[in-house]
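Listed features, source TrEMBL:
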- K155: active site, proton acceptor (ACT_SITE)
- K251: active site, proton acceptor (ACT_SITE)
- D180, E206, D229: Mg(2+) binding site (BINDING)
- 134-227: domain 'Mandelate racemase/muconate lactonizing enzyme C-terminal' (DOMAIN)
Amino acid sequence: MNISAQHHSIKLAKPFSISRGTRTHVDVVRVLIEFEGMSSLGECTPYPRYGESVDSVIQQIESFAQYICTQNVDTPEQARAMLQRNIPAGAARNALDCAFWQSEISRKGSRFPSPYFDVASQIETAMTVSIATPAQMAEQAKEYVELGATLLKVKLDDQQIIERVAAIRRVAPQCKIVLDANEAWLGLPLAELFEQLANYQIAMIEQPVPAGQDDVLQGIPHPIPLCADESCHTSEDLPALLGRYEMINIKLDKTGGLTEALRIEELARDHGFSVMVGCMLGTSIAMKAALPIATRAEIVDLDGPVLLGIEEPDGLVYQSGQILVPHPVD
């Protein structure tokens, strides 16, 4: 088994702004696994918010590659089990885990065997509106609506919240809208804000306060469901979210791959949470790995490739706010 990792810097189609800043490029790390004459790919996006960098992620991958060479590994399943024990949840484990899944499933002759891998042929995905002036955000939303989008995800900071949401709702009266504060609303009068936002038929609000300070949400009335993102990485985080959030956002770069993502999905539903599946900025390689979760999720946000300034060979097709899934998924 040969494992290699490579860094790719990809320019975005246009600058992308959230509460933590603006990006013009995305750095991804791709893993190539060669085993028994077959090749498989995985991709991750190192995220500085979680203490990751391209160098640290590649170092983790290369360290695991050296370790696996010292072990007697007969199948990708064995390697994937070793991976869970040797690398913590995060971007590096995600790229490896998803590549091992691809290798494992390819050896069995089917890309997505049931029960976990019955992927829908068409999946609604959010189209993301990044932070700008109210008028500029409304223009972004209008462009998506004209292309057929039915679900918008609106990035916000702690400024002009109502003005921005109102401007978007005016140009997208029929769209389902979810909001993402990216931890930016600590210190705001949340009960009042939630009540005001309910007037705009908002379907969900994602991560209003910083991770680790979720207790401030306890007891605050919120007519709009709240979703944990930065506060929810693995299944171990679920108990602390009870009574504070109604939904969790599963991202493979947080869970450390599909293996833990499937586990947290099952346990989250057992705890009564709804499920969203999201992504970091990335290519179709990363999005395809999340499709098994996406086909069952209440909200899907896998529009990463739409935001890139490149044409992807064999990429997923995005049309009218839908992901058109090829079968089998390669």
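Cβ coordinates are placed from backbone N, Cα and C, and glycine is handled just like the others.
A TrEMBL annotation is a machine prediction, not a hand-curated record.
Mean pLDDT for the domain 'Mandelate racemase/muconate lactonizing enzyme C-terminal' (134-227) in the predicted structure: 97. For the Mg(2+) site, the Cβ centre of D180, E206, D229 serves as reference, and the other residues of the chain with Cβ at most 8 Å from it are K153, V178, L179, A181, N182, I205, Q207, C227, E230, N249, G278. K251 (active site, proton acceptor) and K155 (active site, proton acceptor) have their C-alpha atoms 17 Å apart, to the nearest angstrom. Listed in sequence order, D180, N182, E206, Q207, I248, N249, K251, G278 are the same-chain residues six or more apart from D229 (Mg(2+) binding site) with CB atoms under 8 A from its CB. For the domain 'Mandelate racemase/muconate lactonizing enzyme C-terminal' (134-227), residue counts in helix, strand and coil come to 39 helix, 17 strand, 38 coil, using DSSP.
It is K155, among the active-site residues K155, K251, whose Cβ has the fewest other Cβ atoms within 10 Å in the structure shown.
The secondary structure of K251 (active site, proton acceptor), as reduced to three states from DSSP, is coil rather than helix or strand. Using a 10 Å Cβ-Cβ cutoff, D180 (Mg(2+) binding site) registers 26 neighbours.
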